[in-house]
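K.L.:
Take this structure, written in structure tokens, and hold onto it; I'll ask about it next.
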Number of protein chains: 2
Amino acid sequence: MASADDDALIWTRPEPGTRRPKFTREQIASTALAIADAEGFAAVSMRRVAGELGAGTMTLYYYVRTKDELVALMDNALMGEVLIPEDEFPSHWYDALSAIALRTWDILTRHPWALHSLQNAPVGPNNLRHFEQALASLAGTDLDAPDKFLLINLVDDFVHGNALRSAEVREAGEPAADGSPVDAALRFGQTQIATGRFPHTQALFGDGDPREAWGRVVGPLSERDRFRVGLSALLHGAASRWKLALPDA
Amino acid sequence: MASADDDALIWTRPEPGTRRPKFTREQIASTALAIADAEGFAAVSMRRVAGELGAGTMTLYYYVRTKDELVALMDNALMGEVLIPEDEFPSHWYDALSAIALRTWDILTRHPWALHSLQNAPVGPNNLRHFEQALASLAGTDLDAPDKFLLINLVDDFVHGNALRSAEVREAGEPAADGSPVDAALRFGQTQIATGRFPHTQALFGDGDPREAWGRVVGPLSERDRFRVGLSALLHGAASRWKLALPDA
DNA sequence: GAAGGCTTCGTACGTCGTACCAACAACGTT
DNA sequence: AACGTTGTTGGTACGACGTACGAAGCCTTC
């Protein structure tokens, strides 16, 4: 019946434990998550996670087949955080989709490592729940199936893309101290501009102090507000394309 | 003058060679690129690149300080491909921005590994050129500096986010053969839906063959066309927000 | 108590990035 | 023509990594 590999995904294999195992997958995931948050994704190694748990390295492999599965567990744990509580769920499609997107953005920028690993593990249970919520947002509209699916994908794509870049900017550039990578990059940009081969960029940034110029060009909006501008543009464009009603406010 | 580390970025260090070195950075980058295209990003190791070049492993470190710098070189080489030839540059902001975005999308989905590594190396010379082109697109508009910068960022974010997911779908799901990861994921989804906890998802996908359902929900559009729908929505939304004129057609 | 299988984890292999430093080769000087 | 200088190459080695293998420990059921 071609289903000899029903256990190809970690989600289809039962959590081990007919007796009392020392750990649970959830425990392992949250330990790994804590390490990633504190020291970055690169610090998450099998040895490290096991050590933090007070276990031998290979013990993890009783709960997980590969490190990728560990990462899948981590992603799934994160996706659990992006779910909107039932009673906060907006009734208008626009508000609901916005709320989901904004919440996802908040979580992703709070755990920037997630974006590096997000390449794998597309469909954990919490990912499905997230999708279900997005779909619920559109229940009141008369979009057909492919259009609903497309719109949800587009919003998620934008959220991920923006969160990825935002996190980079924030991680690398927060201090913007002398000698920081961002400082080096800004100074490099300045010298490039000085060659005169980037007239538009030159007009935008000018010739002054690159850090001042950067602040001026980014403008007064926070990264979060900049995201919201983009989200609003995308949703308004979608509303106009599919003739969806916008909320009153 | 606090610029003791002008060489923090590879771009600010001159290519080595007062005598005759065997290689150039460009050569190294394109070798690495070829390996990544043929066998994936994971196959790009210092040993492998050096071997392909007929050099000792450590020789690379004369041209590059770390592997991250090699990756920066690769990214920069890719960004070179996304530049639009002068004589093809559309005059209307909408057309120009669309052309740049679509071309970037094409390159990124053609080299999916780029998206995994794109986290680093934000500002190579070709990245600056790309930005200059985007800025040139908006020269005719009367957006102020922060708005121009924001709009360009938003479009790039969406391009990256969508290309990332598209590449995943294509890489993982092209064959969709029995036992493939995608097949396993689809079957997992099916069993989850069967629990009844995902009513909207159930209504969307139904209970039939998951592969058939997937095709029906994705709809008839190619990934590229789906991207264009999103791009168009984003740009229309931006046009409406900033009162920019749309092209006649 | 013995048997059996669930659960733990020590050892070891092949990979990776790269620090260190010895060897080699090309040039300017004499 | 010989030499010292210094640009360029790359061998060896170290400490990480993921994980295959299989031996041990322990709980549970007779």
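Keep in mind that glycine also has a Cβ here, set from the backbone N, Cα and C atoms.
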K.L.:
According to TrEMBL, which of these ranges is region 'Disordered': A:1-20, A:201-220?
P.N.:
A:1-20
K.L.:
TrEMBL tags one of A:45-64, A:145-164, A:225-244 as DNA-binding region - which one?
P.N.:
A:45-64
K.L.:
If you average the pLDDT over the domain 'HTH tetR-type' (A:22-82), what number do you get?
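P.N.:
The predicted confidence over the domain 'HTH tetR-type' (A:22-82), as a mean pLDDT, is 96.
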